[in-house]
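> Below: one structure in structure tokens.
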Amino acid sequence: MGRRIHFVVDPQGWCCMGLIIFVWLYNTIFIPKVILFPHYEEGHISVVAILCYYFCSLFCIASLLRASVADPGKLPENPKIPITEREYWELCNKCNMMRPKRSHHCSRCGHCVRRMDHHCPWINNCVGEDNHWLFLQLCFYTQILSSYTLILDFCHYYYFLPLKKENWDVFVFRHELALLRISAFMGLIILGGISGLFYTQLMGIFTDTTSIEKMSNCCENISRPRKPWQQTFSEVFGTRWKILWFIPFRQRQPLRVPYHFANHV
């Protein structure tokens, strides 16, 4: 589950994702060239600062690409329903297919997704049962990378010692102030937006509700067993090993939990 390539043909989604990749490329190329490498050569910072920046950048783009192409939990056309679980399935009134409860039909993708949270144009994909953990990692590492970039922009002017060797024939040094202002502006915008989204996602996992369920208020009047936060996070990430929650270079394996516990709403 979650290993199939899922590609959504949506020009709006391509534009949104292209914008995110542009911001990532901009900061990954110019920040080390303008700040990290020059200050490292003059002994103002250690190599650890450079490695940490590239690690954050790598984890950010890896989670973005994987969340974009990962199967969010698309239901097959003729799903095999176990006899013991038929009472937890229902008929979709849009595609006339049987689906587990807590699934939702995405009008943009044209199919039902298991435990769908929302359709995100920034990854050009639905956020569902099989790629929700990648979307959370994307939000987490985007916040870290944006915060790190803003700190470097600030320190370059107000904390680090002035650079002694500067090659003013190079384009980046001729337009250093403009490049850093653009970087700081993009960092502030992305950090503000992602922080609110990440907080909403965390609250949804703590309460075991999706964004669609919150908007439809379907969970207010219907009770279901409450689970501890460790259990809900383990189900989303597919493992109880907390260190693996932060690693995007792995395959998610669904935890075996009672079906009514995971799907009864």
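A Cβ is built for glycine as well, from the same backbone N, Cα and C atoms used for every other residue.
So TrEMBL says this about it:
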{"type": "TRANSMEM", "residues": "12-31", "note": "transmembrane segment"}
{"type": "TRANSMEM", "residues": "43-65", "note": "transmembrane segment"}
{"type": "DOMAIN", "residues": "89-216", "note": "domain 'Palmitoyltransferase DHHC'"}
{"type": "TRANSMEM", "residues": "138-159", "note": "transmembrane segment"}
{"type": "TRANSMEM", "residues": "179-199", "note": "transmembrane segment"}
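Any idea what these are sitting next to in the structure?
Proximity of distant same-chain residues to the transmembrane segment (12-31), defined by a Cβ-Cβ separation under 8 Å and at least 6 residues beyond the stretch ends, is recorded for 53-54, 57, 60-61, 64, 68, 121-125, 145, 149, 152-153, 172, 179, 182-183, 186-187, 190.
Across the domain 'Palmitoyltransferase DHHC' (89-216), the model assigns an average pLDDT of 88.
Sequence-distant contacts of the transmembrane segment (138-159) (same chain, six or more residues past either end, CB-CB distance under 8 Å): 24, 27, 31, 34-36, 39, 52-53, 56-57, 59-60, 63-64, 67, 123, 180, 183-184, 187-188, 190-191, 194-195, 197-198, 201, 246.
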